[in-house]
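Trainee: This is the structure, below, for whatever I ask next.
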């Protein structure tokens, strides 16, 4: 926990194309402004909700000017703005206005009570890791991207299995026939990787998990690697193969293309309310321990 006012400018970012989001964002902006903070809006958010009276900034301008960003939306909104603000080390406060909300941990109904407390300097800070990836074709890099959750190489449409050659730190691991391969951060271990039978990695664990998607050989199991590993995935066989970054952007691949993945030098700071518990999040979102007991951790 940290105390002491260290924020002056607060950026507000909202989930796009979301009916009903204008009112809570406008209310929150007024609440924060009354406390003496400068409030700015992400430019697309300001345009969508039609708000005026506050500066409308691009993500790069937010990174240069704002001390913290409050994100009202779902996990996808956090992933998108998190990647863009990572180079600026802008801390994020997540308010859940989506469905699952693994990384937006403040309920929308509680935001007017909880956000001012965090902005006053009372919070728990957590650094989340990112992946950086590049696609190499004919020996030349043709595309770069950051991923907060995962880098996913997979087949598309009705095409058959793909064959992938995976290497770690220049050492051959395996050739794999499957529907694809997920490279996930600890944050991403509760996303697509989890639905493909991957393990849950605590966010503070320094690791990267490789998770096959519907492998032809059942002996191809997920593996957790050190987070300084350099992973290379080559397209050996198959057609209509794509690589996705947080399932929000993708590019088509060709035979012999290689996707190189490693941990990014950037991290994304999350600011949680005091008393935040990752285990409480798992219980709530994954419906663990449905029958409460006296031994339950009551932290939210």
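Note that Cβ sites are derived from N, Cα and C of the backbone, with glycine treated the same way.
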Trainee: Determine which of 56, 133, 214, 232 appears in Swiss-Prot for the same NAD(+) site as 75, 76, 149, 150, 177, 179, 190, 191, 192, 193, 194, 195, 248.
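Mentor: Site partner of 75, 76, 149, 150, 177, 179, 190, 191, 192, 193, 194, 195, 248 for NAD(+), according to Swiss-Prot: 214.
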Trainee: Give me the CA-CA distance between residue 194 (NAD(+) binding site) and residue 75 (active site, proton acceptor), in Å, as a whole number.
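Mentor: Rounded to a whole number, the Cα-Cα distance is 15 Å.
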Trainee: Across all protein chains in the structure, which of the binding-site residues 149, 190 has the highest Cβ count within 10 Å?
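Mentor: That would be 149, with the most Cβ atoms nearby.
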Trainee: Using only the residues recorded as binding NAD(+) (75, 76, 149, 150, 177, 179, 190, 191, 192, 193, 194, 195, 214, 248), report the maximum Cα-Cα distance in Å, whole number please.
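Mentor: So the binding residues stretch over 31 Å, Cα to Cα.
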Trainee: Take the Cβ of residue 194 (NAD(+) binding site) and count every other Cβ within 10 Å, whichever protein chain it belongs to.
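Mentor: Summing over all protein chains shown, residue 194 (NAD(+) binding site) has 19 other Cβ atoms within 10 Å.
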Trainee: In the structure shown, which of the recorded positions 75, 177, 192, 214 has the fewest other Cβ atoms within 10 Å?
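Mentor: Lowest Cβ count within 10 Å among the recorded positions (75, 177, 192, 214) is 214.
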Trainee: Between residue 190 (NAD(+) binding site) and residue 75 (active site, proton acceptor), what C-alpha distance do you get in Å?
Mentor: 11
Trainee: Give the helix, strand or coil assignment DSSP yields for residue 177 (NAD(+) binding site).
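Mentor: DSSP assigns residue 177 (NAD(+) binding site) to strand.
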